[in-house]
Amino acid sequence: MNASQDTIYAQVSEHISDFQFDSRVAGVFSDMIRRSVPGYTQIINTIGDFADRFVKPNTQVYDLGCSLGAATLSIRRQIQGRDCRIVAVDNSESMVIRCQENLNAYVSDTEVELICGDIRDIHIENASLVVLNFTLQFLPPEDRDALIAKIYQGLNPGGLLVLSEKIRFDDAPIQSVLEELHLDFKRANGYSELEISQKRSALENVMKPDTLSTHQQRLTHQGFSHFSTWFQCFNFASMVAIK
């Protein structure tokens, strides 16, 4: 079996601890997210396309919750020669260590400052692009408005926020069918019923999805005047908001 294959929840566990981005997860994260999040590769690639169009010379880019650096790498490939700086932040030391290894594997003239820290503590300024790629959902709900407000204040006029999230639906039948289709997606990618069940239990207390309308209301309330959901597959979506 490949050491980078996600088998974290493949064995029966009497006690399921809350999910955390520790060294075990960091070691298999690329496999885990590819097999768990429909459209993840497209989202990553398109973040690079957004960067190509929105990142201005001599500005900063923020990847908040950068994990292994997939979005940062996608952005960096598209903004060569613009004298920009990418600030990539994650609060998991294990993720940051592996992210640095991934960044070191490619030569670039774009500086990346990699920070192990809490995204809520990061000062944002002179930003032309901010990315929250499946990150906001792990923050306590009461902290989300303040982070979006900080991002809005730190973005330059015309700057872009890319926000990707697992979402929920107020409409119960829609929630049920899209959630089941997502589970079918995971089954098709080789996850067993045991793995699906145990991971759901691990995430229950740490990931709290919002509805699309909640996201839009939050963004509008903080000042964003342009908003769209550019991608959705089942109960996963990626949104853009322009200042």
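Residue numbers in this text run from 1 along the chain shown.
Heads up, the Cβ atoms here are built off N, Cα and C, so glycines get one too.
Spatially close to Cys66 (S-adenosyl-L-methionine binding site) yet at least six residues away along the chain are Thr72, Ala88, Val89, Asp90, Met95, Cys99, Leu114, judged by Cβ distances under 8 angstroms. Annotation comment: Swiss-Prot describes Tyr40, Gly65, Cys66, Ser67, Asp90, Asn91, Asp118, Ile119, Asn133, Arg200 as S-adenosyl-L-methionine binding site, evidence class sequence analysis.
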Query raised in the report: If you count Cβ atoms within 10 Å of the Cβ of Asp90 (S-adenosyl-L-methionine binding site), leaving out that atom itself, what do you get?
Result: 26
Query - Site extent for S-adenosyl-L-methionine (largest Cα pair distance over Tyr40, Gly65, Cys66, Ser67, Asp90, Asn91, Asp118, Ile119, Asn133, Arg200, Å) - result: 25
Query - Which of Tyr40, Asp118, Asn133, all binding-site residues, has a Cβ with the fewest other Cβ atoms inside 10 Å - result: Asp118
